[in-house]
Amino acid sequence: MEIETAFHHGAVAADAKPILEMRGIKKHFGNVIALAGVSFDIRPGECHCLLGDNGAGKSTFIKTMSGVHKPTEGEILFEDKPMNFSSPRDAMEAGIATVFQDLAMIPLMSVTRNFFMGREPTKGAGPFKRFDVARANEVCVEEMRNMGINLRGPDQAVGTLSGGERQTVAIARAVYFGAKVLILDEPTSALGVRQTSNVLATIDKVRKQGVGVVFISHNVRHAMAVGDRFTVLNRGKTLGTATRGEITPNELQDLMAGGQEMAQLEGSLGGTI
Amino acid sequence: MEIETAFHHGAVAADAKPILEMRGIKKHFGNVIALAGVSFDIRPGECHCLLGDNGAGKSTFIKTMSGVHKPTEGEILFEDKPMNFSSPRDAMEAGIATVFQDLAMIPLMSVTRNFFMGREPTKGAGPFKRFDVARANEVCVEEMRNMGINLRGPDQAVGTLSGGERQTVAIARAVYFGAKVLILDEPTSALGVRQTSNVLATIDKVRKQGVGVVFISHNVRHAMAVGDRFTVLNRGKTLGTATRGEITPNELQDLMAGGQEMAQLEGSLGGTI
Amino acid sequence: TDIVVVSHGQANDPFWSVVKNGVEQAAKDTGVNVEYRSPETFDMVAMSQLIDAAVNQEPDGLVVSVPDADALGPSIKRAVAAGIPVITMNAGSDVSKSLGALLHVGQDEFTAGERAGEKLKEMGGKNGLCVNQEVGNVSLDQRCAGFAKGFGGQVKVLPTTNDPADIEAKVRAALQSDTSIDTVLALGAATAGEPSVKAVKALGEGGGKINVASFDLSPGFLKDVENGDAAFAIDQQQYLQGYLPVSFLALNAKYGLIPASNVASGPNLITKDKAAQVVDLSAKGIR
Amino acid sequence: MPADSTVTDERVREETLLARLMKRPELGAIAGLILVTIFFLFTANASMFTLSGIMNFLTPAAQLGILAIGASLLMIGGEFDLSIGSMVAFAGMIFGALVVNLGLPLIVAIPGTLIFAGMMGVVNGQLVIRTGLPSFIVTLAFLFILRGLSLVGLKYLTGGSTQLRGVRDAVGDDWLAPFFSGDAFTGLFAKLAEWGWIDTFKSGAPKVPGVPVEILWFIGIALFATWILLRTPAGNWIFAAGGDKNAASNSGVPVNRVKTTLFIVTACCAALVAIMTVIDAGSTDARRGFQKEFEAIIAAVIGGSLLTGGYGSAIGAFFGSIIFGMVVIGLTYTSIDQDWFQVFLGGMLLLAVIFNNVIRKRVTGER
Amino acid sequence: MPADSTVTDERVREETLLARLMKRPELGAIAGLILVTIFFLFTANASMFTLSGIMNFLTPAAQLGILAIGASLLMIGGEFDLSIGSMVAFAGMIFGALVVNLGLPLIVAIPGTLIFAGMMGVVNGQLVIRTGLPSFIVTLAFLFILRGLSLVGLKYLTGGSTQLRGVRDAVGDDWLAPFFSGDAFTGLFAKLAEWGWIDTFKSGAPKVPGVPVEILWFIGIALFATWILLRTPAGNWIFAAGGDKNAASNSGVPVNRVKTTLFIVTACCAALVAIMTVIDAGSTDARRGFQKEFEAIIAAVIGGSLLTGGYGSAIGAFFGSIIFGMVVIGLTYTSIDQDWFQVFLGGMLLLAVIFNNVIRKRVTGER
Ligand SMILES: Nc1ncnc2c1ncn2[C@@H]1O[C@H](COP(=O)(O)OP(=O)(O)OP(=O)(O)O)[C@@H](O)[C@H]1O
Ligand SMILES: Nc1ncnc2c1ncn2[C@@H]1O[C@H](COP(=O)(O)OP(=O)(O)OP(=O)(O)O)[C@@H](O)[C@H]1O
Ligand SMILES: [Mg+2]
Ligand SMILES: [Mg+2]
């Protein structure tokens, strides 16, 4: 397997101050313990991959990061200040943009309206301030094209888009609005070859601009292609963080599968995954 | 890239009679042309991969195959008889099991109830015939475990499962009920390493039992690992079908991206996708 | 000749269906063309709009009930201004003249309630219950108010829904929790009157001790009166309130004839001795 | 591997039995019922909780409840039927006509009425399915149409009156009548009275002659509906159809068949209530069942059913109806000014559902 | 790259202008309106479509429509308000009390009433948000509570009656009154009558003295609501909040703020109708606005709003109200027997929505 890529890595000083730091996060849903104390941080200009088996708690973890869930226990420091996001809007205003695994889109609404939902561009002033639909449509079509999707029209309902088109809208939206931290929960799962490479290239681009990227994926190759650090979750706990170069793809793959039966799996599939 | 796998390929006689044949399928949604005449067939005991860029029409195509959409034009032959499925239930009864890209699950219902939705096991007779909840729970937990997911309890609501856990329920369900044709629309997109290898192994297993499998994926490795034939869709048209061995992974990748700019992409990502 | 009748009661209200039957009979007898209209609930705003709609068609006569002169006044005045002869019926005897109507046929709800109250007091009642199945409908509220005045003693209003089972249970509850109640007045025979009788009977102590009376007639309630389970029913002879104005207006249109004063159609108490004769007519919707 | 090996998951905390029970939608409404009961224990006249007082508020609750259980099944299946109130009047008229005007025995008249109602259910269901219009608007149209037809029909049948009388005489002592009207277990109650176990009048007759049959129907239907919902494939289909029509249909649930059946069931529940009330009252009129559709939905919602479908229970509707019936009748037993009836009704409903909610969240640890 | 380069997609067929228009929810209801108009053109007295006839059915349509537009915004935002009918009575009582009992001028009384209503909106909204209960049940409680309070309040204010009179005298010739009652453009209409362009009574006064102000409010509010929905960020938030609360909130839409605002707007629409009808009628009573919540929802649904939220339009509610108003008043102009009114109303509603639907599907090629 080739993992050396054209991307530039390791430019971030290992001792750079984290933008966002999560300490000992626990999250219980009723009697279910989804997170049993996870610590994590993200520094400007790095891509920190969050890996782990299905149900490990990755999505739950980034949802506490982006204000959707309140942690049952634990501390969130944003730029060194303790933070208590009471809604995703708060987190967004602080500078955290997220692509959720369920995409957070409204099927009945048009692509443009979904794209700008919550942050509509306006024109006019005072009581005549209004949603600048023309510009919104233009931006939306343009951004989608950059990701490799040619929309039929910006007023198509998101519910009628294909799985990958829909995912691309969510990613393009998060990237467009910029942020200090960009969180991507399995952004490439439904994407085609071309769209995937666009997204990976985009991650690289925003990282270069000093944004901290949290990237969740089940695909070791994708993670290896852009990641600077790798944190592996397992059953609600962290198995530790590795820096790029410290770990081989095979070791990573082992960790992601919970260290279990990997030898046997490898054998049966001949490293095709 | 290693693509030789432990799976057994090519056992299907190239001239075996197709179980299901689709001829010149067209599908329009209002003014959108999603499929512009696609032909496709699936033979017993083979895994036929359906590949293509985002929005190429793969999901729309398999939805006409499984009775969700009525084709605007075109013919469906099931075991040589023209078929006109008026609902997915009809298709299911004819022997077509499908895992849809959106999974077709009800978030508010429990895992077991989702698993057996539409085909509940019963006990008792006559007016006392009832849903055999105990057995259903047992089967469901067991099948999920076989796929590599340990459920907390079979009465957990599907809406509270993680993305991968949910996808696994849908796959386990389709496989459990057996069929003559098994259609999987991006079944591995949200799955972890271990779960993915389980699913690929399962595809191999049911193929050996003579089931025809239609497998949609954006991941060339997954497709190459289990596919016997490969059909590539592009913008609602088919680019042709290739048999295993006739085509290299790189050629396939090229085709999937619509043949566009692949050289450049390859360069920038170093073959990491 | 076209005559329009606009009332505030619904076509499926047992009381008003009798008025409507009177209207139809009069139309048949005099050979005029009559439209009967009413809003779907007790709604003065909607009713004034119906009157406006009628006026637009410039009929040869207009019959209206006037439970709220403030709300309906402008519309009626507009009709008068347009030269349409107007007769008021049922409610509104006090304002009829001032609105420009020719005369009023009917009886005041308040007066009827008062008469009922006096009669029930005579029968020895001290502590009354007024069962109101449509609180806020002004004409029903006036019946209760009149009852309270005529009765003199203590009167409690029991608001209920329109459902017989609810009414029966609530009347029973009221009688169980306040055993001093000796008089029940229901504001509608079929909806409230019959269940009240059943409630009293279910207490097992019915018959003589608790007097039940009701406004309006229904065959079922009249049977109760006949059997002695209920004291009496208050009849406004509302058939007349439909029949007379229409025939007056028909005559007016034909010959210019019109009576010079108001016609009082009730009240008329139907007691045990008269009940039997009335039952059949009631079952046909004439009383 | 046995199924129970999953419980050894280190990621699951222990859960109390109470918490497990409170998670069920059918049990949520119990908290509200307890609250309302306690309220009335303190404020109402003692006669409310005597045997006869309880029967008194349970009778209207039972009539409402039969409708509410039908409505809740339909709501779980993702649709509404706003025509059930009008259906009570319409079915009552049909039943009256069969019994009085045609003089048919109950063994013919009752199935006839139910079939008529069922056919209306089919019409509702087919219209909703074929047109794809929301059932709200389709059944709303039938709310008006059936109510109007009842009026027209009654006037036609009686020659001008809105009340059709004489059902009691016509039914007479038909052997089926005791199953649909009057009280059950009268013999038992007479015995109990004899032994002095229950209150009697001076005459020695029991104050409560028996259990009104509608209460038995109510309980029976609630249990049956619960069994269907939780223990049969049909129940699974109802939840699925209401939870997500497309997902259910894609998974092989015959969604249209399920919905049509539910419309039929709801209409038949309304017809059953109509039959019972008409025999009981001996008459029917054009205003029967007015706004019952509304009350039925209220009871179902108090009982925890979601308006959006896919979630709820028949037992919830059962408790919801009792809460509603108790609040409506209960105020009369208190010394609160009756003018405050509606304020009280609204306030109690709000309190009951909020209380349900708070208790459930507290117990299950949700937030 | 210019945005229009997307239209050169070979996978899009040409679409007629008509098809593009019919796809909009706001225009679906036009087909129904046309159908109903044609029906009345054939069956109704010619005076229905004279100027005065049109004003006559537009007036109730306008009063309903103002409520329906509020209700449709709220429905699009994913919630219901069942208390608007009662709010009409309650706000009417408050307004009556301010004007008659306290003798305040309109410039104080009108804002006072609106603030009162708005506060009720806040209560509704906060209860729904804080408790997480469905708005159906919360506002239902207020349906009862407000109706009950109106009764109690009116009795208190009038010393026992349920009708408060004398508003017209109290308002007198307050300079604000013409904005909320009576007719606008009376001068213009008098002139037109003089010139013989419009019908007059024998006296020479125009049959239609002017345009009732509620019609102007109705049109104004419909346009304003449409602008908000389609052309402002707030409109986008309303659709998002109703389409999927979680997705909207995760995308940064302040869902709770949006919903509370919508509850306030709905309550204020009800209060506005109350103010106009009370000044117009000169009186108020405890039954004002009875079942208006229901009619408002009907109008919104006819106009294409979904009960499940996230889809609909204010213009749709506008047309829906006109259809409803036309059917209700239209009967008066026909010779159809009043007994058939409800059958007629239900039938026309069903026809109108089915027709809307068929036309839309036919034109847009959906199936
Ligand atoms: N609301 C909830 N109630 C109960 N359990 C929940 C809830 N949300 C998540 N869980 C459980 O918490 C665990 C972690 O879920 P999460 O979605 O974070 O997993 P994940 O790591 O994102 O998995 P995947 O890779 O499959 O998306 C899962 O086992 C899931 O069943
Ligand atoms: N109901 C619909 N109305 C209009 N257009 C639709 C509808 N359903 C699908 N489409 C369009 O048809 C095209 C094909 O969609 P489809 O879901 O089949 O793509 P796909 O090949 O499965 O893509 P992906 O890999 O992203 O899942 C898309 O461009 C989509 O926008
Ligand atoms: Mg996840
Ligand atoms: Mg797809």
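Backbone N, Cα and C atoms are what each Cβ position is placed from, and that goes for glycine too.
Here's what TrEMBL has on this protein:
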TRANSMEM  D:27-51  transmembrane segment
TRANSMEM  D:57-76  transmembrane segment
TRANSMEM  D:88-116  transmembrane segment
TRANSMEM  D:136-158  transmembrane segment
TRANSMEM  D:211-230  transmembrane segment
TRANSMEM  D:262-284  transmembrane segment
TRANSMEM  D:296-329  transmembrane segment
TRANSMEM  D:341-359  transmembrane segment
Go through D:27-51, D:57-76, D:88-116, D:211-230, D:341-359 and flag the stretch with the largest number of C-beta pairs under 8 Å relative to the transmembrane segment (D:296-329).
D:57-76
If we skip the immediate neighbours and take only residues 6+ beyond the ends of the transmembrane segment (D:136-158), which ones have a Cβ under 8 Å from one of its Cβ atoms?
80-83, 85-87, 89-90, 92-94, 96-97, 100-101, 120, 123-124, 127-128, 164-165, 284-286, 288, 293
Have the transmembrane segment (D:341-359) and the transmembrane segment (D:88-116) got at least three CB pairs under 8 Å, pairs 6 or more apart in sequence?
no
Selection from D:57-76, D:88-116, D:211-230, the stretch that has most Cβ pairs under 8 A to the transmembrane segment (D:262-284):
D:88-116
Spatial neighbours of the transmembrane segment (D:27-51) far in sequence, C-beta under 8 Å, 6+ residues away:
21, 57, 198-199, 207-208, 302-304, 315-316, 319-320, 322-323, 326-327, 330, 333-336, 348, 351-353, 355-357, 359-360
